[in-house]
Every structure is written in C-alpha cells, then in structure tokens.
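Copied over from Swiss-Prot:
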REGION    99-366  region 'Disordered'
COMPBIAS  117-141  compositional bias 'Basic and acidic residues'
COMPBIAS  145-155  compositional bias 'Low complexity'
COMPBIAS  173-216  compositional bias 'Basic and acidic residues'
COMPBIAS  219-234  compositional bias 'Low complexity'
COMPBIAS  235-269  compositional bias 'Basic and acidic residues'
COMPBIAS  270-283  compositional bias 'Low complexity'
COMPBIAS  314-327  compositional bias 'Basic and acidic residues'
COMPBIAS  338-354  compositional bias 'Basic and acidic residues'
DOMAIN    462-631  domain 'tr-type G'
BINDING   471-478, 517-521, 571-574  GTP binding site
REGION    517-520  region 'G3'
REGION    571-574  region 'G4'
Amino acid sequence: MSNTTVEQFAAELKRPVEDLLKQLKEAGVSKNSGSDSLTLDDKQLLNAYLTKKNGSNSSTISIRRTKTEVSTVDGVKVETRKRGRTVKIPSAEELAAQVKAAQTQAAPVRPEQTAEDAAKARAEAAARAEARAKAEAEAAKLKAAKAGNKAKPAAQKPTEAKAETAPVAAETKPAEESKAEKAQADKMPSEKPAEPKEKAAKPKHERNGKGKDAKKPAKPAAPAVPQPVVSAEEQAQRDEEARRAAALRAHQEALLKEKQERQARREAMKQQAEQQAKAAQEAKTGRQRPAKPAEKPQAAAPAVENKPVNPAKAKKEDRRNRDDEGQGRNAKGKGGKGGRDRNNARNGDDERVRGGKKGKKLKLEPNQHAFQAPTEPVVHEVLVPETITVADLAHKMAVKGVEVVKALMKMGMMVTINQSIDQDTALIVVEELGHIGKPAAADDPEAFLDEGAEAVEAEALPRPPVVTVMGHVDHGKTSLLDYIRRTKVVQGEAGGITQHIGAYHVETPRGVITFLDTPGHEAFTAMRARGAKATDIVILVVAADDGVMPQTIEAIAHAKAAGVPMVVAVNKIDKEAANPERIRQELTAHEVVPDEWGGDVQFIDVSAKKGLNIDALLEAVLLEAEVLELTAPVDAPAKGIIVEARLDKGRGAVATLLVQSGTLKKGDMLLAGTAFGKIRAMVDENGKSITEAGPSIPVEILGLSDVPNAGEDAMVLADEKKAREIALFRQGKYRDVRLAKQQAAKLENMFNNMGETQAQSLSVIIKADVQGSYEALAGSLKKLSTDEVKVNVLHSGVGGITESDVNLAIASGAFIIGFNVRADASSRKLAENENVEIRYYNIIYDAINDVKAAMSGMLSPEEKEQVTGTVEIRQVISVSKVGNIAGCMVTDGVVKRDSHVRLIRNNVVIHTGELASLKRYKDDVKEVRMGFECGLMLKGYNEIMEGDQLECFDIVEVARSL
C-alpha cells in the first residue's frame with residue numbers, strides 16, 4: 001500500500017489532525033503537519049503506543065456512553081452541549097481498532113501482532129456483553145432517582161441542583177460509584193458540585209483531546225448499543241483521585257481566601273478613608289467570585305485523573321508558590337479544563353474558558369487577586385510656565401488630558417486638548433486635581449542660562465565707567481562730547497541734533513571712560529530710557545541760558561528710575577545770558593540738590609565751545625566711579641546690551657553692543673533676544689576692525705541672523721544649537737504675545753468705535769536706518785492722531801525701501817517715509833508706475849511737520865458766518881397770492897440775492913432763512929449796495945413788520961489745521 005498523509009489518515013479515523021499529530025509525536029513519530037506522509041511502520045508504532053497506553057491495566061476497558069437523560073438545572077450555563085441528544089465519542093480502544101483494521105487491509109501483519117489482537121478482540125466482545133447489561137440497569141435506576149428528586153419540596157433546591165448536575169455524567173456509572181460521588185460532592189464546597197462526577201465520566205481520550213469532540217452535535221438516541229464498562233478496580237482508583245483533587249481544590253481555595261484577606265488588611269492600613277471603602281468593596285467582590293465556577297458544568301479535572309497520585313501531591317506545593325509565568329503554563333498544559341478552572345477561580349475570572357486550542361490563548365492577569373489593589377495617590381510638583389497647552393499640563397500631572405478638560409469645563413472654559421491656557425488658570429487646575437503648582441518657566445530654555453553663568457566663575461577686575469550724557473535738545477550734549485573726543489560729531493548730525501545713540505570710549509590720563517550720547521528730542525524717550533539702563537553714571541547737561549526744560553526733567557526721572565548717580569554739567573556759561581544759580585534753584589525743585597548746598601550731586605559749570613572746566617567734569621565722573629567700585633570679570637563669556645541696531649544693505653544686521661562683563665571675541669556665538677549668530681566682524685566707534693572687546697567697551701558687531709531689538713540683553717553661548725533653541729523659543733513666545741496684543745487691540749477698537757462715525761485714516765510706511773529712529777518717528781506720528789484723522793503706521797522697519805514696501809503701499813493706499821534711507825532702482829520704478837509717494841527725510845522735525853500738514857488737509861473744513869450787510873424794513877406791502885413784500889433801505893454793506901438773512905426784532909432773532917427775491921423797482925437784481933432802496937421777500941416766511949431789521953450773511957468754509 002502506498003504511503004498516506006497524516007490528514008488522510010485522520011479523516012479515515014475521524015479524528016482531528018492536531019490530535020493525531022500529538023499522538024504520533026507521543027508515539028515517537030515526528031510529523032509536523034497534515035501533509036506529511038505516513039508509512040506502515042509509523043502506523044504500527046502508533047498502534048503499539050496506543051495499545052500500551054490504554055491497556056496498562058488488564059481489566060481497564062474504555063466505554064462509549066449514550067446520553068438518554070438530560071439535566072435541566074436552572075441557571076447553569078452549558079455552552080458546548082446540546083440537550084436531549086446523545087454524545088458519541090470514539091474511545092482510544094476504538095481508535096486502536098481502526099488503526100489495526102487499516103493496517104490489516106493495507107498489508108499482512110506479523111504473527112505475534114495477530115495473536116495479540118485476537119486476544120484483545122475476545123476480551124472486548126466479553127466486555128461489551130457485560131457493559132450492555134450494566135448500562136440498562138443503571139439507566140433504570142437513574143430514571144427512578146430522577147423521579148424521586150422532582151417530588152422534593154422547593155426548600156431542598158440547592159440539593160437538587162447538586163443532584164441534577166450529575167446525571168449527564170452518571171448515566172454510565174455503577175450504582176456504587178454514583179453514591180460515593182454524591183457523598184463526596186456533599187463534603188466539597190458548594191461552588192464545585194459538578195466537577196467530581198464529570199471527571200469520573202470523561203474518558204481518557206476526551207482528556208487527551210481537551211474535549212474537542214464533545215463540542216460536536218449529538219445524534220438522536222439510537223437503539224441499545226453494546227458499550228464497554230470500566231472495571232471496579234479502575235473505578236475505585238478514579239474515585240480516590242477525584243476525592244484527592246477535591247480536597248486539593250478546597251485547600252487551595254482556603255489558602256487563597258486567607259491570603260486575599262491578609263492582603264486586603266495590609267492595604268487598608270495604608271490608605272485613606274475613601275481608598276479604604278473602595279478596598280473593602282473590591283475585597284468583598286474578590287471573596288465572592290470563587291463561587292462563580294459552580295455555573296461551569298464542564299469544569300472537570302481530567303488532569304488529576306490522568307496523572308498518578310504522588311505527582312499531584314508534589315504539585316500542591318509548587319502551585320502554592322508558583323509565579324505568574326507558571327500560572328500561564330498550567331493554564332495551557334495537558335491538565336485541560338481542571339487546571340484552567342482552578343486558575344480562573346483563583347483570579348476571579350467570570351468568563352467561561354473553552355478547552356482545546358482556545359485554552360492556550362487564556363491570558364491571566366499578573367496579579368492573582370480578584371482586584372487591583374488601590375495605591376496611594378502620587379502628588380506631583382508641577383512647574384507651570386506663562387502659557388501651557390492642556391496636553392502638556394496633563395502630561396506634567398501624569399493624568400489623562402480629558403481629566404484636565406473636564407476640570408476646565410467645570411470652571412466654565414470650553415477648551416481643546418491642544419489649546420493654550422494662561423498660567424493662573426493652569427495653577428487653579430493643578431490644585432483642583434490635587435497636585436502642587438508652582439509658577440515657573442520650566443520649559444523655558446532660558447532657565448538654563450543662569451545655571452551656566454553661575455558655573456563660570458572668574459576674577460572680577462576693575463572696569464571703566466559707562467557714562468550717559470542726557471539733557472534737553474540743543475543744550476550742548478554732543479558738543480560737550482566733541483570737545484572731550486576732540487572730534488566734530490555734531491557737524492555730521494542732520495539738523496545739528498542727535499538722532500542716534502552714540503557710544504564712544506575715551507582714554508584720559510586717569511583711565512578709560514565710555515560715553516553714551518542720547519538724543520534730547522522728545523521723540524527719543526525710549527532711547528534715553530535704554531541709555532539710562534546701560535549706564536553707571538549720568539551727566540545731565542543743562543544750558544545756563546535756557547534753564548530746565550521738559551526733556552531735562554525726563555532725563556532726571558530716567559536716572560532716578562535706573563538708580564544711577566548724576567553729575568550736572570551747566571553748559572554755555574560763556575554766554576552773556578547765562579545764569580548758573582537759576583539752574584541750581586530750578587533743579588533743586590526737582591530734588592537734584594548741589595553738593596555745596598548740602599546735597600549729593602556735583603554741579604560743574606562748563607563751556608563745551610571754549611572747553612572751560614572739561615577736566616573738572618571728567619574728574620567728577622571718575623570720582624563717582626571710584627565710589628561705585630565698578631568691577632567685572634574679564635576671563636569669562638561676554639555679556640552686554642544692544643544699544644542700537646540697524647540693517648545695512650551690504651553687511652546685513654549690524655548691532656552696537658556695549659560689553660558689560662567678560663570679553664567678546666571674534667567668532668563667538670552670540671544670542672541677542674530673538675537673534676543669534678557667530679560674530680563675523682567687530683568694529684570700534686572709529687571704524688577700526690578689532691578682534692576682542694573687554695568690559696565697558698562699545699563695539700559694532702556683524703553676523704547676527706536678524707536685527708535685534710535695541711535694549712535686548714546679549715550673551716555668548718557655548719554652541720549654536722543652544723542659541724538656536726533659545727532664539728526660536730523666544731520668537732514663538734513673542735509671536736504669541738504680539739498676537740494676543742493685536743487681538744486685544746482689535747476688540748478695544750471695535751468697542752471704542754461702536755456708534756461713532758468712521759474717522760479719516762492716513763496710512764504710513766516708515767523705513768529708517770536704525771531701530772531707535774523708526775520707533776521715535778512712529779511714536780511721534782501716532783501722537784498726532786485726532787478723533788477725525790488717525791495716523792495708521794502699517795509697517796516700520798530698518799533698512800532701505802524695497803519692492804515689498806511699495807507693494808504694501810499700493811495695496812493699502814499709503815505713502816512711504818524714508819528716514820536716512822533710500823529706495824533702490826526697482827522700488828523707485830515701481831513706485832513711479834503705481835503713483836506711490838515716497839518722501840525722504842533726515843530730520844525728524846520735517847517728517848512730523850509734513851505728516852501734520854497732510855493730516856490737516858484731510859480735516860473737514862470749518863464753516864464760518866461772514867456778515868455782508870444790514871437792511872431796515874420801512875414798509876410792508878401785502879399782495880394777494882404772493883405774500884408780504886418788504887420795502888427796505890440798505891443801511892450797511894451789501895445785500896446779495898443768494899445771501900442768508902436773519903430777521904431781528906427788538907434785538908431778538910426771529911427767523912433765519914434765505915431771500916426769495918430781490919428787486920429794485922420792477923427789475924430783479926443780484927445785489928443792492930448801501931444807501932439804496934430795494935424790495936425783497938423772504939422764502940417761506942411772511943411775518944414781517946415795519947421797523948424789523950435784516951442781517952445778511954454768507955457761510956464761508958475755512959480750512960482747519962492741527
């Protein structure tokens with residue numbers, strides 16, 4: 001006979017391929033799949049294995065059972081069985097017989113095998129005859145017992161449930177076995193009544209196959225078929241194993257319950273009141289769950305039956321101490337349903353676990369308790385930055401984002417998971433969820449800058465003082481510096497006024513002094529504030545012939561706000577109108593008291609033009625510096641402040657940096673606000689290239705990624721990555737702040753303009769050479785706005801006028817102001833083609849005056865009355881269908897046909913209107929001059945009397961100005 005495959009052989013035997021492969025493997029035949037070929041020798045080995053395995057006891061014969069009675073137990077879930085049907089399962093002996101028959105048909109058998117098979121067949125025939133008689137007697141007894149159980153009262157319902165769970169399995173048992181099993185079931189816990197009987201009823205092939213064939217639909221009851229019956233000796237052995245298994249389960253359950261109670265008490269001592277209640281409820285649930293397996297009629301334990309008694313005892317201690325991985329192996333092992341159900345009872349598993357391959361997929365929880373023990377809540381310390389998204393806040397608190405959204409909804413805020421919330425709201429949410437919130441910029445990379453600075457410690461050495469020269473416009477600040485520097489800076493300033501912050505360092509016999517020259521014009525308030533911030537000493541210049549002016553008072557306020565000492569230089573004492581004493585009195589009124597009057601401020605009378613007392617002024621400055629004991633580390637990364645910044649067409653972003661500490665070197669990575677970059681070049685105030693600059697030295701630097709804002713702090717970092725990270729973070733933060741301000745301004749303007757007429761708007765685009773200039777110009781122009789005409793600065797920036805500026809002006813109807821900058825050729829051509837006006841200025845006065853004139857032209861003209869003449873009514877003539885006609889004499893001026901008139905009676909205005917007609921004799925005339933008579937009628941008014949006067953006037957429109 002040719003070889004057959006495992007799958008074909010399984011079909012002949014009517015067995016699953018998986019079971020046949022397993023049996024072949026146990027018999028020593030290695031087959032991996034159903035397509036593997038199966039030889040005659042393989043079949044003989046399988047036959048010998050099955051014969052040896054199932055025929056180990058001479059008196060043991062597996063039986064085939066037919067179900068003739070069906071249990072109808074209320075509340076018992078039966079998932080794999082059909083009611084009222086016969087379940088026919090082939091036994092291992094039948095499988096062996098089928099294998100033998102197939103082998104007999106395929107090839108001649110050996111003599112010794114034939115003799116053995118013949119003896120086996122005779123024994124089976126005798127056993128079948130005996131089994132038939134016993135089965136019939138057992139069926140009759142079972143029917144009688146069931147009829148008696150139905151007659152019992154309802155009070156014995158639990159006992160009935162135990163008795164009715166067994167008939168399916170008890171059909172094929174002897175009477176003695178049934179009584180012994182019932183007595184044993186009464187001793188077991190109530191949740192395991194059906195297991196021992198089902199264990200005794202299940203044949204070995206069902207245990208080996210894990211109950212797969214039990215799921216097949218049962219056939220209708222057939223005529224009595226001879227069935228093999230187990231011997232009394234094997235039955236007694238099975239009873240003993242079942243009793244031991246029941247005792248083992250009862251002991252395990254008692255240990256489990258005791259362990260659970262012990263664990264629950266230990267957890268309850270650690271938790272608060274609300275966790276204690278929860279733990280008690282969960283522990284109660286865990287103690288009740290072992291009763292659930294009573295609903296599982298399939299929960300027999302053939303695993304115990306299939307093994308000797310001693311190995312079961314040995315596993316008792318092993319199961320008690322096994323870990324989670326061991327439980328999983330036991331659930332998937334050969335033990336079948338019994339092992340799984342015990343594990344399910346231990347873990348409080350309410351779901352039914354099916355046998356076979358499904359049992360291998362059983363996934364046990366790592367914790368063998370019925371509930372997850374509650375843990376003590378963890379309180380986090382959450383650092384909340386200025387703004388934070390809901391998702392980030394939830395991540396910091398280790399909670400789900402939906403919890404934060406719920407908390408915000410309770411507060412009346414409808415937010416999404418990616419929406420940003422402010423710091424105050426976030427702190428409230430953190431406290432609401434039981435954590436500790438602290439306001440801090442935890443995610444701010446700038447928080448690490450201070451740590452890095454503290455790590456670098458260098459010796460602090462004396463440094464030159466930084467002196468800021470402040471005062472009113474045209475009081476001689478720049479001229480004073482010119483004399484000190486021996487230069488003519490003032491001649492280079494447009495209009496003779498300073499419009500930038502100039503930074504210079506001067507070497508004197510007593511040391512180096514760094515000077516900052518600030519603008520005195522009122523438009524440059526921000527520049528003066530920056531100058532005071534970066535300075536050590538302030539020289540307040542006051543003209544002796546002019547006195548204290550508004551910007552002088554402002555400079556005093558800046559110096560006091562910055563907390564820096566002042567030295568007053570009373571300039572222009574060489575003029576005839578100079579009055580230094582008056583200056584001292586006026587400054588004393590502003591709490592600037594001279595030292596000779598008992599104050600703490602030095603007053604020096606100087607003349608910048610003639611150089612009088614300049615050395616005394618420098619001595620006073622150095623004296624103040626000695627008192628301050630100014631020091632700074634030299635061998636350290638540089639830190640400083642951006643004094644001024646601009647965009648140069650050929651060199652890019654150019655910034656004037658005042659080094660405050662450390663040494664700035666060419667090639668350093670510098671971070672200044674939102675700009676960063678490697679310093680490509682350093683230039684001093686004289687235009688000379690240098691490679692390094694120490695404390696208190698001003699330098700111009702090139703190489704930044706963008707034009708930084710004036711007044712920003714600058715510092716040298718170790719690597720570009722950190723500088724880029726901080727710069728990008730600042731850009732995002734500034735963008736959020738700017739958008740928030742714009743939104744607030746839009747809302748504010750919307751409410752302010754509600755109900756008002758639309759005002760005229762003058763749109764302007766400002767481009768300047770440095771940031772301070774366009775800040776000053778934009779601020780000054782905005783101050784010109786009135787309720788009727790407003791200045792709208794669409795864009796302001798540093799650098800020349802580009803095509804994008806012209807395109808913006810085209811779209812918005814604006815004009816462009818270039819302050820010390822020019823437009824390139826392409827921009828000029830585009831502006832000419834599109835009729836865009838570009839105005840160039842180098843003096844801030846001129847720009848402000850021109851814009852003021854343009855705004856004045858946009859104002860609606862003012863209407864004024866101009867009296868042209870006076871008329872006296874001397875006669876009133878009434879004409880029918882026409883009205884009253886006044887005969888008048890022009891007493892003053894002239895009366896015109898289109899004039900407005902005002903009727904006056906007894907010096908009281910009675911009527912104001914227009915003339916309907918003006919005649920002299922019978923002719924219509926345009927005007928009548930003084931001394932002539934005329935006749936006239938008023939339009940729509942006839943109540944005139946003799947003696948009334950008419951005042952003639954014209955309405956004239958007069959242009960307004962700001």
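The backbone N, Cα and C atoms fix where each Cβ goes, and this holds for glycine too.
Here the structure is a predicted model, which means the values were calculated and not measured.
Across the region 'G4' (571-574), DSSP assigns 0 helix, 1 strand, 3 coil.
Under the three-state DSSP scheme, D474 (GTP binding site) falls in the coil class. Per-residue confidence over the region 'G4' (571-574) averages 84 (mean pLDDT, predicted model). The compositional bias 'Basic and acidic residues' (235-269): residue composition by secondary structure is 35 helix, 0 strand, 0 coil, according to DSSP.
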